[in-house]
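According to Swiss-Prot, the protein has these features:
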- 178-349: domain 'Helicase ATP-binding' (DOMAIN)
- MET191, ALA192, CYS193, ARG194, CYS195, GLY196, LYS197, THR198: ATP binding site (BINDING)
- 298-301: motif 'DEAH box' (MOTIF)
- 401-553: domain 'Helicase C-terminal' (DOMAIN)
Amino acid sequence: MCAGFYVAVHPWLEAQSLHKVGHTGNLAARLHDGSYTTCFTDEWKYCFTLETSTKKDAQKIEAGVLYCAQFFRVKNKELVCLLPEKIKQLAEDVANCLDISYTLCDSPAYEMNDSTIVVEPSLPSDPLISKEKLRHLVITPVEDEEHFADDVLFFSTDETRTAIEDRLYQKEAANMGYQELRRSGRAILQMACRCGKTRVAYLILSNYLQGKVLYLVPGLSLLRQTLEKLYQYGISLKNVLLVGSDQTRIVLNHDNIEMTTNPVFIAKRIREAPSLLVIATYQSSTLLVDDFDLIISDECHRICGEWETRPFTHVLLNFKKGHRLFLTATPRYDTPLSMKNRELFGGVAFRYYLREGIEAGYVNDFELQMVAAPKLAHQPSTKEETTKQIIVKQIIMALAHLKTNITAPKMLVFTRDIKQAKELYAELVDQGVYALIAHSTLPRQVILKTFTEFCSSKEPVILLNCRLFQEGVEVPELNAVFFAAPRHSPRDIIQSICRPLNKQVQKPHATIFLPLEVNTENVCLDRFSSIIPFADALASEDPRFYEHLLNPSEVAYPINWIGAHGSVSELLQLARHAIRYGTQGKIDRLTRSERLPWKAAFAELKRTVEICCRYPKINDGFHFGGATLRFDTWYKWVIKSYLQYKNKEPSSLEPYQVSDLESLQDWTTRGVGGPYPWEESMAFLETWLAQNKGELVAIDIHQGGWIGLDATPMERLSGVLTTVSQRDGRSYGKNKKLRPKKGFMIPPQQAQDLDRIFGKHNLKWRKDRVNGFLKEDEHGNYTGEPTCIQEAYRTFKEYVKTNPDYIEKYWPGYAKGKHKHQELPHIWEKGLAPPRYKAFKDGNKQLIQRSPKKKDVKN
């Protein structure tokens, strides 16, 4: 006899998505005793068993599973409304926590004979287990919503197939992703929903098809969808293995294939095949072996969470071989195991914004509608009831708004939890609204029926849910989403926003409704706090929204307000102010360097380099979305972050941003090192003095050389020696008017270089001092012996008048004002240079265009 814990299923229960949980001392006989055969037909079968050494151990596992699945248990019955894979993982976790040894058997068939029929001794009905040990395993309805949706909506979506096309950005994404894989072995592709991540993955995995590739997806529905797409792209089923718990044969044209969860067959196929593509669910990943050249993790934000081994993290934490490619629209950075971990995930090799997909025509556009809090005719007795009544009215207002343009609109309502969904549903139905509800505690067939009714409805309808339809569910006719409770996770927000953004012919723009506890009588910044996380998430995906927040008069955005009786423009202005400065209204949250949209800021940097032939000056300005910014602040942040990245330190930059920077001319030398490189200039100085008999000849220390990328060695040396001359004698004090200039600000190593090079030729480069103070008159003019640098500058000024050919040879363009303006003459004359940033004492900022005056224009 074999004791064990089991999960059994019967067709009558399966129709309601119910599974029988139990324990026995005799697995071979259990399904044949009276409790199973009296009221049921003989169609019982095991989904799986955990064979144990004693019946008592099996009973403990059962008790633990029922405790952890309490929210999904039929009252007073050992019936659980969870998928078998979910129960299996839970049972194994319970056994491990209770230190019970077991052997897992999938779909076992035990041989029945007369010797197996024995009367089992009874055990206490409530075995002693440590619930404290198991508390972290308890499955809450909210937590299970996403995992339930992975498989429950398996037959509910029909994606329209379009002709295969390689969009330009997909080719770029595939190239950058593959290059990053070759460089570091790991890469993230962050691409907006509905922009073709699977196609990009196919282009990349095509480079690995001579070996073994693993493609992980979160659920059976996406497994089928991924297989269909890859087959459409040209993958042959001969070298494909599907690992998942659905036994339905998949037919593709004249080909067909089945999934498997047989661990022996899976391991043998992977180890023996010279080339193989395995498509598996994360839930079945524990059946795989570590022998892949490339592992693709789709919807990889689902991996993130607690730092523990579970099906979604099994491959990430335990497999050592192969390159890793991670695909997501919404990286997750707010959990202990997060995508900030570069060692595990790598960095973002390519990013494609939601706004880019909209403007390219691949994603439907949308509008934002904030919904004011209506007045209630009768004030409820509790705050909770008041909030519920307000949200119900706001939902009705939102649906009415949709009906003004759409005959039969469909709206998804996302709630805080299942409890709130049930309460809102009951209230809406009482008020005559056509409302539906779906959540993970309902049987699968009920959810599918509800979802089908929602999709096919010819009347205005809303569907309430918590997270069941937050991602991965396609409703082509969906028109709007309504946030009945604030969302704080950027991932949750963006995934929810994307639900109605399917692109269809003649489909109107979608609407995102944000209810607020604001009306014309209670306007204050605190009332807008709930939309700040939403705005932050949207601004990171939509640069146009970011620009609108900075200056709505210059950058329009489809955002409005319904249910407001006062000035809509004033309410929107307050909302924008709260988003930008916070509810305290003190700090500009949007103009920090790390918040500037990368593409816009980098485009200005690239323009400066390619058009102006230089890197930014310290006083360059930047006009973005109506904001006046000092570009040098962002530029210094970029250099600092770049050096951190190259030194393998924590950095704000992603690989695609590093690639952008390194594509610029002379980035590592002039961009990072600056226009006046010390070592390079010292080498030139040493050679120059040797060739000119120890004479510096002429040097310009007035206009500081030339910062352009095409600068001559003499122009760069001029810049270096300008800095030396300025620092020689500079005071350490903050208030220079009150302290004598006695400091020496040249770094010791640089001073040693100058002593060595000038000393060879007995040249004096330091200014004279008395008791540490510079020799100066009462007006602060230097009165000591001139240095060789000062003498060379006098010669330079003479040569400007008497030897223009010499000046043009070593300082080309000097006569045309290049050095005066620190811009190429044609750039200056055409006004193409970045504006000059100027800050005033009163806090105002101004950008002054660098443009020529008449006397500056050279004929």
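Here the Cβ of each residue, glycine as well, is placed from N, Cα and C on the backbone.
Note: the ATP site is recorded as MET191, ALA192, CYS193, ARG194, CYS195, GLY196, LYS197, THR198; in the same chain, ALA329, TYR352, GLY357 also have Cβ atoms within 8 Å of that site's Cβ centroid. Using a 10 Å Cβ-Cβ cutoff, ARG194 (ATP binding site) registers 18 neighbours. Annotation for CYS195 (ATP binding site): spatial neighbours TYR169, ALA329, TYR352, GLU356, GLY357, TYR362, VAL363, criterion Cβ-Cβ under 8 Å with sequence separation of six or more. Residues in the motif 'DEAH box' (298-301) partition by DSSP class (helix H, G, I; strand E, B; coil) as 2 helix, 0 strand, 2 coil.
Counted within 10 Å of its Cβ, the other Cβ atoms near LYS197 (ATP binding site) come to 22, all protein chains included. Restricting the average to the domain 'Helicase C-terminal' (401-553) gives a pLDDT of 88. In the structure as shown, the Cβ atom of ALA192 (ATP binding site) sits within 10 Å of 24 other Cβ atoms.
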